[in-house]
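Engineer: Handing you a structure now.
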Amino acid sequence: MGTTASHLDKEALSEYQVNVLHKLLKKKSCAHRKFRELQNKEERSNTTSRVPMERINELPELKSNPFKERICHVFSTSENKDGSLTFEDFLDLLSAFSDSATLEIKSHYAFRIFDFDDDGTLDYDDLKKLVNCLTGESEDTRLNDDEMKQLITNILEESDIDKDGTVNLSEFQHVISRSPDFVSSFKIVL
Amino acid sequence: MEDHKTVQFMRLLSEDSIGSTLSSDSCEYYQTEIYDLLPSVQAVRSLHGGYDTQESHGGPEPEESRGPRDKMSQHPLRNLAMSMHGKRDARERRKMQISNNGFIKSWSRSQSINRKRIQAQVREMGFSLLPWRHILLKIQARFGVGVKSYFVFLRYLICLNLLHCALIGGFILGPTAFYGRNRTESLRFNKNDSVLDFFLGSGFLDRSPVFIGFYTPGSLDLSCLNTPLLYLAGILSIFAFSLIIAARRTTVGYKHTWMLEKRTSVNVSFKIFCGWDFNIQDPAAAMLKHSFIRNDLKLFLEEQSFSLRKAQRTLGQKVRLYLLRFILNLVVLSLLGGAFYLIYFSTMLSLTESSDGWFLNLVLQYLSPITITFVNLILPHMFRKVSSFEDYSLTVQVNATLVRSIFLKLASLGIYLFFVFKTRQTQQEKSGCRENQLGREMYKLCIFNFIATFCSTFFVNYPRKLLQEMYPTSLLARLLGKQRFLIPFNVLDLVYVQTVSWVGVYYCPLLPLIGVVTLVATFYIKKFSVLRCCVAEQRMFRASNSSVLFHFMLLLGLLMAAAAPVLDYYQSKQPNTISRISCGPFLNQESVFNVTNKCVKRLPSSAQTAIRYLSSEAFALPLLLAEIILLTSYVSRGRANQRAIERLKDMLVMCSSDKRYLVKQHATMLRGQKNAKRGRPVAVEQKTPLPSHLAAD
């Protein structure tokens with residue numbers, strides 16, 4: 001795996017959902033250029049170098065996204081869980097958010113993004129954090145405790161099919177699979 | 001539909017039994033040893049020999065090696081949710097597998113992969129052919145999916161009209177151009193023609209191929225292949241095509257909404273899980289989205305407490321409320337009545353011939369389109385105000401306004417048509433062609449609507465925006481407020497234009513072409529208006545919800561459009577009117593029935609009897625019966641499926657509670673024995689047994 005796009009062999013490329021990206025890579029690599037812009041000079045020479053999360057989040061595509069830190073954590077393969085990304089991880093991210101990724105892939109990654117404590121289920125605290133991310137983090141934009149409680153009770157009532165107090169991946173996908181809007185909104189285009 | 005969906009439901013569950021093992025689990029009961037002893041876990045594990053649990057570092061790699069091989073290897077790699085690293089490993093493994101297979105097998109595999117790849121590329125090419133993708137992306141990034149759905153709908157209408165143009169070209173224009181008589185003299189500009197004719201549809205345009213009068217029966221005069229028949233076929237195929245497309249779209253959308261709302265209300269979950277639009281890049285838009293979601297959630301909570309309050313209303317309050325609603329509905333009705341009278345009045349006025357000055361004439365000619373547009377502009381806003389007094393919940397308010405507006409829009413068009421038909425009949429025509437006059441009315445409506453769109457953007461919205469930018473603190477600017485892009489009303493406009501185009505296509509075959517031109521222009525005007533003048537609105541329309549409504553309205557318009565010419569035809573056939581069809585392909589004695597009859601008579605006798613039978617009542621009965629049987633079977637199948645779903649859900653609940661109970665028991669037992677052994681390291685099955693049990697059941 002070299003530093004330039006041409007080193008990615010074709011066979012490997014075709015495995016990504018990034019059809020758009022695929023084209024871009026042929027055109028001297030938009031994604032790669034973007035990624036290189038984030039890297040330092042010494043990092044550029046190193047193929048497996050990681051870009052820290054803070055710099056990834058500077059990208060305009062992610063900047064205003066409330067889930068940007070979670071996204072980095074989910075796609076990072078770093079061992080010390082700091083959310084830093086290699087170029088490969090970056091491609092993974094783009095392919096999951098691309099046009100041609102299937103509903104299943106998207107819902108899978110969405111679940112992992114929403115699962116704040118990485119325990120494989122969305123429990124009360126995950127949902128609370130999720131709602132707070134959606135409404136805005138600051139004190140005056142948050143829902144108050146009563147509202148939050150009522151809301152989460154409603155969510156669990158609807159989507160917690162096996163009534164164990166958490167939403168697991170299959171229940172999550174069950175909800176998502178019936179939303180026609182999800183595929184079009186779970187998308188990041190460079 | 002029904003059972004397909006159920007299958008998918010099951011599939012999701014069973015697939016999840018393979019895929020949900022993404023990470024280590026903190027819930028204590030998953031870490032007990034009993035999980036390894038469960039038969040379902042062992043069944044899954046035995047499918048692949050030595051996978052190494054240590055190999056995974058929290059990533060999703062193990063799950064692909066865990067699934068049943070044959071099933072997973074069917075999927076293209078790119079459809080698996082795993083990282084690049086994992087994919088590369090998987091590919092290596094697959095290659096090994098392939099090389100183990102015979103030559104032919106591996107060859108056919110690689111062929112099928114290539115074919116899939118080509119298919120995907122072709123599909124993508126098709127998508128990239130659709131125009132304006134970048135504009136749509138830009139709009140979506142700033143205003144979200146709702147506003148984009150308006151533009152997608154607009155693009156869809158343009159495609160539809162292009163299709164109509166192709167049909168018209170093939171059935172009507174082509175044969176006429178090829179076989180028609182030498183009619184170039186009518187296409188020349190006379191000295192008493194003026195530019196005004198393009199607005200009025202008279203004079204020069206009256207003689208041109210725009211209107212039905214141009215298409216007289218040509219030299220192509222075989223009994224089954226003549227101009228009238230082709231004309232008829234063209235119009236009918238347009239209606240049939242539109243009906244099929246609109247109905248298909250409506251049912252697809254309806255299915256989604258039905259699944260969404262009726263049976264399983266998962267509204268809040270949608271708002272949460274699908275709430276964020278990841279396309280948004282603009283920080284301001286993100287702020288807006290935050291506040292929108294917040295308002296939406298608060299609205300939902302409010303509505304919940306509203307329904308609580310509604311249940312607690314006393315009798316007196318109820319009576320007062322219903323009285324108020326009754327009065328307000330009367331107000332709405334009287335508003336509608338007044339609007340219709342205004343339309344009637346203006347139609348009558350525009351029919352009185354006058355010849356003082358071209359400007360007055362123009363205004364007079366355009367009086368009814370002006371009235372209709374004006375009414376349609378004012379009344380929806382009044383309805384909005386009215387419905388805010390009725391003590392409905394907010395969504396009901398919006399819907400009530402929308403339904404009233406739809407009714408207003410379509411009914412005003414209907415009323416207008418009715419009066420035009422009627423008055424044209426009583427007033428024996430001086431100017432020759434009656435059909436041309438009807439076509440002219442539709443032409444004028446179409447043109448005027450476009451002019452109104454143009455003017456409202458460039459002479460109302462844009463100056464307003466400029467005023468706000470230059471004097472943001474002035475009283476006027478604050479009074480006017482911010483402009484929002486009201487999707488429902490804009491869509492109503494589009495549906496209205498399309499309905500006019502459908503109504504008029506019989507009398508004015510080039511209307512679809514005009515429609516394409518005006519719609520393309522509308523696209524750019526609206527794009528300008530959205531990006532330059534509007535701020536994103538607080539309440540967004542959910543795209544899927546709206547699309548079913550859009551297409552349903554389109555369907556209504558189409559039905560009305562189909563009814564209009566038929567009505568007109570029967571009216572003109574009434575014995576007390578002397579008016580005869582005086583121009584167009586159906587000259588004098590030639591009517592639609594005559595033409596087709598002649599054609600049928602020339603067919604071989606067996607075909608004749610077949611057609612007779614198909615058009616008789618004897619055929620209608622079996623058809624109806626067959627439809628009823630089909631419907632009944634679908635409905636009963638749907639019910640059975642629903643019951644199955646309920647049962648499965650119950651089972652799921654039972655299973656999971658059983659499991660939790662058992663695991664807890666076991667854990668306490670183990671703890672009691674002071675067994676120091678901790679559970680397995682990571683990534684042990686969590687919920688896998690559940691669905692697989694179910695599937696086994």
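Including glycine, each Cβ sits where the backbone N, Cα and C put it.
Remember, it's a predicted structure, so these values are computed and weren't measured experimentally.
Quick paste from TrEMBL:
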{"type": "REGION", "residues": "B:50-92", "note": "region 'Disordered'"}
{"type": "COMPBIAS", "residues": "B:54-73", "note": "compositional bias 'Basic and acidic residues'"}
{"type": "TRANSMEM", "residues": "B:152-178", "note": "transmembrane segment"}
{"type": "TRANSMEM", "residues": "B:229-247", "note": "transmembrane segment"}
{"type": "TRANSMEM", "residues": "B:322-346", "note": "transmembrane segment"}
{"type": "TRANSMEM", "residues": "B:358-382", "note": "transmembrane segment"}
{"type": "DOMAIN", "residues": "B:433-544", "note": "domain 'TMC'"}
{"type": "TRANSMEM", "residues": "B:442-462", "note": "transmembrane segment"}
{"type": "TRANSMEM", "residues": "B:504-525", "note": "transmembrane segment"}
{"type": "TRANSMEM", "residues": "B:546-567", "note": "transmembrane segment"}
{"type": "TRANSMEM", "residues": "B:618-635", "note": "transmembrane segment"}
{"type": "REGION", "residues": "B:673-697", "note": "region 'Disordered'"}
Engineer: Using Cβ atoms and a strict cutoff of less than 8 Å, what residues sit near the transmembrane segment (B:358-382) while being 6 or more residues removed from its termini?
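Structural biologist: That would be 194, 196, 199-200, 335-336, 339, 342-343, 346-347, 349-350, 352, 401, 404-405, 408-409, 412-413, 416, 441, 444-445, 448-449, 452, 456, 489, 492, 496.
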Engineer: Which stretch from B:229-247, B:322-346, B:546-567 shares the most C-beta pairs under 8 Å with the transmembrane segment (B:152-178)?
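Structural biologist: If we count Cβ pairs closer than 8 Å to the transmembrane segment (B:152-178), B:229-247 scores highest.
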Engineer: Just to be sure I understand, if DSSP states are collapsed into helix, strand and coil, how many residues of the domain 'TMC' (B:433-544) fall in each?
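Structural biologist: The breakdown for the domain 'TMC' (B:433-544) reads 86 helix, 2 strand, 24 coil.
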Engineer: In this predicted model, what is the average pLDDT of the domain 'TMC' (B:433-544)?
Structural biologist: 79
